[in-house]
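Heads up, the thing below is written out as C-alpha cells.
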Amino acid sequence: MPGSRRVRPRLRALLLLPPLLLLRSGHASDLTVAVVLPLTNTSYPWSWARVGPAVELALGRVKARPDLLPGWTVRMVLGSSENAAGVCSDTAAPLAAVDLKWEHSPAVFLGPGCVYSAAPVGRFTAHWRVPLLTAGAPALGIGVKDEYALTTRTGPSHVKLGDFVTALHRRLGWEHQALVLYADRLGDDRPCFFIVEGLYMRVRERLNITVNHQEFVEGDPDHYTKLLRTVQRKGRVIYICSSPDAFRNLMLLALDAGLTGEDYVFFHLDVFGQSLQGAQGPVPRKPWERDDGQDRRARQAFQAAKIITYKEPDNPEYLEFLKQLKLLADKKFNFTMEDGLKNIIPASFHDGLLLYVQAVTETLAQGGTVTDGENITQRMWNRSFQGVTGYLKIDRNGDRDTDFSLWDMDPETGAFRVVLNFNGTSQELMAVSEHRLYWPLGYPPPDIPKCGFDNEDPACNQDHFSTLEVLALVGSLSLVSFLIVSFFIYRKMQLEKELVSELWRVRWEDLQPSSLERHLRSAGSRLTLSGRGSNYGSLLTTEGQFQVFAKTAYYKGNLVAVKRVNRKRIELTRKVLFELKHMRDVQNEHLTRFVGACTDPPNICILTEYCPRGSLQDILENESITLDWMFRYSLTNDIVKGMLFLHNGAIGSHGNLKSSNCVVDGRFVLKITDYGLESFRDPEPEQGHTLFAKKLWTAPELLRMASPPARGSQAGDVYSFGIILQEIALRSGVFYVEGLDLSPKEIIERVTRGEQPPFRPSMDLQSHLEELGQLMQRCWAEDPQERPPFQQIRLALRKFNKENSSNILDNLLSRMEQYANNLEELVEERTQAYLEEKRKAEALLYQILPHSVAEQLKRGETVQAEAFDSVTIYFSDIVGFTALSAESTPMQVVTLLNDLYTCFDAVIDNFDVYKVETIGDAYMVVSGLPVRNGQLHAREVARMALALLDAVRSFRIRHRPQEQLRLRIGIHTGPVCAGVVGLKMPRYCLFGDTVNTASRMESNGEALRIHLSSETKAVLEEFDGFELELRGDVEMKGKGKVRTYWLLGERGCSTRG
C-alpha cells in the first residue's frame, strides 16, 4: 500500500506463530468480539468513547431479537491501538491484537480505525482466518484483498471519493486536467495523504486525464505563494485537502493573485465538514468567517470555492440513533458527543456489527461455525443491508458504497448549502431542488485555459495577416469609426436643440390655483386609501406635530402637485438644464411623472404628477387600514422597481428616499417622488426637529459628512429602503426601537456615532419572515459595500412572495379587492359605532322623559298636554335635612343625596311608577301616567312607599354612620294634567291641585311614616290587603281640615324594595 510503513521485525515473528497455539478454551455459546481502538484520545472519529456506545446499542438490539444468534452470548474484550502519547500506533495495535487473540480467541475483530494501525492487524487477521470489521481505515491500500483478505469496511473509503469526483467531472465537462494539493501530517495518520491517494488513483483510472499533485506545509506563507504559482501553471480545477484555516488563507492569497471564480474553482476536501462546523451545526454555515477584519475579502474569495463532505443520513432511524448514542455516551462513557459528520463512524460500526451477527446467524443455520471466518466474510460482501445509516451496500471487494455532498456558497447570504448529493450505490449525482451551483459567469470555468497553460494552441499564435486582410480590416475600422463619429455628432446637435427649447418651462400665469377640497367635491364623494383626501404625502414637511401638505393646481386641465422652492432665483446653468432634461426623460410607472418647472421669481416651483391616494407613511400610520402581506409585498416591489430604474438611469440615485416620498396613485400603484433636480432642493435649516426628522432615513456615512452630496449615493438609497422596509413590516412608525422613546435628534446622534453593534430599528420575527428581517439587516449594514444592490433585493423579494402572481392585472385586481374589503370593514365599524352611540343617547333620553313621550319627540311630533282622571302622586323629604346640611360640607351633602337617590331609583324600578323630579331632598313619583293603569296606581305607589321606607331604615350616612335618616312620605290620589314644557332642556311636568295636595300630605306627615289622603285610602280599600290607621282631621294650608290616614303595611305580602 502506498505510504504504509513496514512492520517491525519482532512483529513478523508473531505472524509465524501457529494459529492453534493462539486458541484458548472458552464456552461454546460465547461469541467474543475483540475491539482494538483508541481508548483515551477522543479526537479520532473511531475512538472508543464514540464507538463504545454504538457497539452497546448494537448488542442490545441483538439481545432483543431472538432470531439472531439463538443460544449465544456476545461478549467484548478491549485492546488499545494508541501508544503512550495517545496517538495511533503501528506497534501498539498489532501487539494488542495478538494479546487478545492469545487470551480470548475472539471470533471477530472490531477496528482499528487508523490506517497505520489497521494495516498490520488486517494482515494478522487474514493469517488467523478471523474477520475484521472497521468503519475506519479508509486508505486505498486496505482494499487490496491479497493482503487483507478478511477485512470488511462498513464506513467510508477514499477510493469512493474518486467515484464522486469522476461523476462530477463528467457532469461539468472537465475531461483534460486537474490539480490536487494536500497538507501531509507525518506525525499522525496522514489523513490528507490517503484522501488524495484514493481520489488520484480512481480519477486517473476512470477518466484517463492528467492529474497533477503537490504537497505543501501548512502555516508557511512563502510556501503558499509558490503553491499558487503552481496552480497558475497546472490547474483550473483544484482539489485541496487541508485544515479550514489553511484553506481560507490560500483562498485569500488566491484572491490577491487574481485567481477568482471566473477562471478557477477550488474544492476543499473536508470530508468530516470541520469548516462547516458539522452538518448539524449552526446555520448559516460560513467557513470564510473569522471576525479578523478579513471576512469581506474572504467572502469574495470563497465565491470560487466548493466543499466536499460525506453525506450525513437524514432518515428517522439515524436521528433516533443519535439521541440514544448521545445519552449513552454521556451516562456510561462520560463523554459529551456533539453533532457533526464524525457521528457516521460510530453509526457505521453499529451497522457493521449487526451485519456480522446476521452473517454468523446464517452460517450457524447452515451447519457452519463461528470460527469459519472466510464463509462469514463472504456472506457480508456484495450484500445490501438496512441499518441506522440508511441503505448500506457492501460491494464485492468488502467496501461500503459511500455517499457524498457538494456544498456551495449562496452569493446573497454568504452561507454554504448543499447543492449536489452523490449516491455511491447508483453512481448518480442528484441536484438539490431549491439550490443551484453558483458560477460567477453563469457556467463552470474550463479545466484548461483557452490557449492552453503555456499558450501552446496554434490558433492563438497567428501573429501575421495577409495584405488583403490588413486592407479590409483598416477599411472596415475606418467606416465604423466614421459612422460612430457621425452618430455622436447628430446626438450632440439634438441634445443642444433640446436644451435650448426648454420644453420643461411652465409659466406661472398658466397655473390655475385649486384647493384639494374643491377637487374632491368636483370628483364626487370618493374616499382615498389613506382616509385623508387632502394629504399629498410625497411633498409634506413636518414642524413639531403639524403637517403642511403641498398645494395643487390645474395645468392644462390636469390636476398637478405644486412644490414651492424656497430659493430667490435659479440660475439656468448647463448643469441645471441637464437635470431638467433628465427629469423629462424619466418614463416609469413607479416614478411620478415630471410635468415641468417654473423658474420665474418669486414663484419658483416644481410640477409633478398628482397621486390622490396619499403617501406610504400616511397609509402605514393609519390603523384603520388593514394591509395583508400580499399588499405589503406589492408596495415594496413597486419601490424596488422604481429604484432600479433610477439607479440604472442618468439620475443615478435618489438621495432623499423615505416613506413620505412614496405616494399611491388612483390605480393603487406606488410611485417614488422628489427625485433628481438637486439644484432645486431647499437649503436645510441648521437645527430643529424638522431637520432630524427628515434624516431618520439617511445612511450613517452620509450623516457623518459635513456637506453630503445632494444626490446621495446608491448604497445610501439601499439603507433608506431598509428603514422603509421596517416601517412596512412593523407599522410602528419610522425607526421604531422597542422599549425606547427617543427623539429624532437622539436617534441621529446614535446612528452617526457608529456604535457596535450599530444602532438600528427593532425587528419582530413574529410579525414577518425571518428572511425579511435578514434582508433589512443587510440593507442597513454599517459598511456600504455589504448592502445588496436593488437587483439582488428584487430577487430576494421574489423568493419571499412566490405565491403571488406577477401579472400586472392580477396585482391591480388584488389591490382593488383589498381596498374594497377595507372600505367594507370601515363602514361596518362606523355603523356599529353609530348604533352604539344611538343606543346610549336613547337610554339617556328615556331616563329624562317617559318612553312614550320620548318616542313622540324622536318622530318629530309635538307632545300635546294630556289630562288624567286619576293618578297617585308620591312626595317625600328628609326631616332635619337643613340642619344636617349646615353641619356637613357641600361634598358630603352631594354624596349623601347621590347615595340615597341611587338607592331609591333601584327600588322604584320594581314598580309601575314614573319618577318626575328631585329637588334637594324632595323626591316626587307618580303612577298612572303617561300610560294609564286603571286603579292600580294607588297600589303601586303604596307598595313602593313601603319598600322605600324599609330601605331607609337600613340606609347609612357615610359621614354619620350612627345617625338614622328620617324619611317623611305623603301620598294623594286625584286628577292631573301632564305635558312637556320648554324647547331647551324639555321637562315632563304635572299640573293640578292633586300635586299641591300630595305635597301638603308630605309636609304635614311625620318622620318614618306614610301619610295618605282619604282619596288614596278609598282606592286602596278596593285591593283588600293594606293595613291603614286613621290619623284624624289635620289642618292643612289652603285646604282646611282634611281627614288623613297612616299606611302601616300590607297583609300577606313581604315588603318589596
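Glycine is no exception: its Cβ is also placed from the backbone N, Cα and C atoms.
Annotation comment: Swiss-Prot describes Ser81, Gly113, Cys114 as chloride binding site, evidence class similarity to another entry. Positions annotated as disulfide bond by Swiss-Prot: Cys88-Cys114, Cys192-Cys241, Cys451-Cys460. For 524-801, the entry in Swiss-Prot reads domain 'Protein kinase', with the evidence type sequence analysis. Annotation comment: Swiss-Prot describes Asn41, Asn208, Asn334, Asn375, Asn382, Asn423 as N-linked glycosylation site. What Swiss-Prot records for Ser515, Ser525, Ser530, Ser534, Ser538 is phosphoserine, and it gives similarity to another entry as the kind of evidence. Swiss-Prot lists Thr528, Thr541 with the feature phosphothreonine, giving similarity to another entry as the kind of evidence. The signal peptide annotation in Swiss-Prot covers 1-28. For 29-469, the entry in Swiss-Prot reads topological domain 'Extracellular'. The transmembrane segment feature in Swiss-Prot is assigned to 470-490; the stated evidence is sequence analysis.
Feature map: annotations from Swiss-Prot on the structure.
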| residue | record | DSSP (3 states) |
| --- | --- | --- |
| Asn41 | N-linked glycosylation site | coil |
| Ser81 | chloride binding site | coil |
| Cys88 | disulfide bond | strand |
| Gly113 | chloride binding site | coil |
| Cys192 | disulfide bond | helix |
| Cys241 | disulfide bond | strand |
| Asn375 | N-linked glycosylation site | helix |
| Asn423 | N-linked glycosylation site | strand |
| Cys451 | disulfide bond | coil |
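Within the set of recorded positions (Ser81, Asn334, Asn382), the lowest number of other Cβ atoms found within 10 Å of a Cβ is recorded at Asn334.
Look at Asn382 (N-linked glycosylation site): DSSP puts it in coil. Mean pLDDT across the topological domain 'Extracellular' (29-469) comes to 92 in this model. Each residue in Val36, Leu37, Pro38, Tyr44, Trp46, Cys88, Ala93, Gly111, Pro112, Val115, Ser117, Ala118, Gly136, Ala137, Asp189 lies on the same chain as Ser81, Gly113, Cys114 and has a C-beta within 8 Å of the C-beta centroid of that chloride site, without being one of the site residues.
The sparsest Cβ neighbourhood within 10 Å, among the listed recorded positions (Cys88, Cys114, Cys192, Cys241, Cys451), is found at Cys451. Counting in whole angstrom, Asn382 (N-linked glycosylation site) lies 28 from Cys192 (disulfide bond) by their C-alpha atoms. Taking a C-beta cut-off of under 8 Å and a sequence gap of six or more, Gly113 (chloride binding site) has these contacts in its own chain: Leu37, Pro38, Tyr44, Pro45, Trp46, Val51, Ser81, Cys88, Thr134, Ala135, Gly136, Ala137, Ile345.
Within the same chain, residues at least 6 positions away in sequence whose Cβ sits under 8 Å from that of Asn375 (N-linked glycosylation site) are Thr363, Gly368. Counting neighbouring Cβ atoms within 10 Å of each of the glycosylation sites (Asn41, Asn208, Asn423), the lowest count belongs to Asn208. In this structure, the CA atom of Asn423 (N-linked glycosylation site) is 22 Å away from the CA atom of Cys241 (disulfide bond).
Comparing Cα positions, Asn41 (N-linked glycosylation site) lies closest to Asn334 out of the recorded positions Asn208, Asn334, Cys451. Distance between Cα atoms for Cys192 (disulfide bond) and Cys114 (chloride binding site): 13 Å, as a whole number. Rounded to a whole value, the Cα-Cα separation of Cys451 (disulfide bond) and Cys114 (chloride binding site) is 44 Å. In the three-state DSSP scheme, Asn208 (N-linked glycosylation site) is classed as coil.
If you measure from the Cα atom of Cys114 (chloride binding site) to that of Cys241 (disulfide bond), you get 18 Å. Between Cys241 (disulfide bond) and Asn208 (N-linked glycosylation site), the C-alpha separation comes to 22 Å.
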